[in-house]
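Listed in TrEMBL:
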BINDING   N74, C132, S167, N215, R220, S231, I232, K233  Mo-molybdopterin binding site
DOMAIN    94-249  domain 'Oxidoreductase molybdopterin-binding'
Amino acid sequence: MLIRTRRRSEANPSEITPREVYQRRRDFLRGGLALGAGLVLPAAGQGSAALEYTPGSFSTDEKPTPYEDVTTYNNFFELGTGKADPARNAHLLTTEPWTVVVDGACSNPGRYALEDFLRPWELEERIYRLRCVEGWSMVIPWVGFELNRVLRKAEPDGSARYVAFESVLDPDNLPGQRRPVLEWPYTEGLRLDEAKHPLTLLAVGLYGDALPNQNGAPLRLVVPWKYGFKSIKSIVRIRFTEVEPTTAWNLAQPNEYGFYSNVNPDVPHPRWSQRTERRIGELRRRRTLMFNGYGDEVAHLYEGMDLKRYF
Ligand code: MTE
């Protein structure tokens, strides 16, 4: 077990999220963890211990993107379409109480509180690359656990072939949802084998602390070999389906955003190339890698598929 402390150079999340919102979330996560794991963590305000986690597998050794960039350059259309909007409007997202419905084709449907997800399992840090379809990328130290743990608990039926995800719907408070930018709530989906893959993470934190609202608090998906928009934020529902679920971006522009959305330098977006990307904080562009560099782990999932057709 490792308790990470914040480096001085990293921005304090309380500078971005109003202090009381951030502090409540952090206390809550600590409480849940302490109860579940029998751990005694320092009380709020004592030292700077954050989430408790173990270093996980699959991490890249590339340099993480600075905390400041990870938390102020975001896509979270519920909080606005500008890159700075989500951090500015982060306080409008209410994350307590938070429940997640797990339903559809499974033997163990239910409504789970966030603590139910956190208690039984240790959190891991996974440093993953995130490649946005817009042509920029980051390296983010996530804290979370494999989605497959939730799937196993739910026991999908033999008929389940996909997993559908839904984000929070709260147009009274989320300004973006009062505009028809996308079909709300934001939805995403994975094939069941993609969802079960050990790289697929449910994140509850980054840089060793609870997720800031603008990054999808309190629970968001991270699928590192797919374009960033597949990593749905602020999840309230996980549903097993027999047929391919609709997704927000596919509904909005089906010729531009396919269901699979695997990072693929050989399949251009209809309006721009995907051959290169700019790592946030760097000037030069770098070559985009097939499956965002996770090919050894995931290429077998797509054997025999025409990835130009199933883009
Ligand atoms: N999830 C929801 N609910 N709403 C969104 O607008 N944007 C997606 C994805 N998840 C989005 C979302 C896009 S386009 C990207 S690139 C990533 O979140 C960005 O995640 P980050 O802000 O943590 O980097």
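Each Cβ is built from the backbone N, Cα and C atoms, and glycine gets one as well.
Curation plays no part in TrEMBL annotations; they are all automatic predictions.
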Close in space, distant in sequence - R220 (Mo-molybdopterin binding site), Cβ under 8 Å, 6 or more apart: L202, A203, L211, S231, I232, K233, S234, I235
Most distant Cα pair in Å, residues N74, C132, S167, N215, R220, S231, I232, K233 binding Mo-molybdopterin: 19
Proximal but sequence-remote residues of the same chain as C132 (Mo-molybdopterin binding site) (Cβ under 8 Å, at least 6 apart): N75, Y227, G228, F229
Set of same-chain residues at least 6 away whose C-beta sits under 8 angstroms from N215 (Mo-molybdopterin binding site): V70, T71, N74, F76, L206, K233
Neighbourhood of S167 (Mo-molybdopterin binding site) by C-beta distance under 8 A, where only residues 6 or more apart in the same chain count: E78, P185, Y186, T187, I232, K233, S234, I235, V236
Reduced DSSP assignment, I232 (Mo-molybdopterin binding site): coil
In three-state DSSP terms, the structure that R220 (Mo-molybdopterin binding site) belongs to: strand
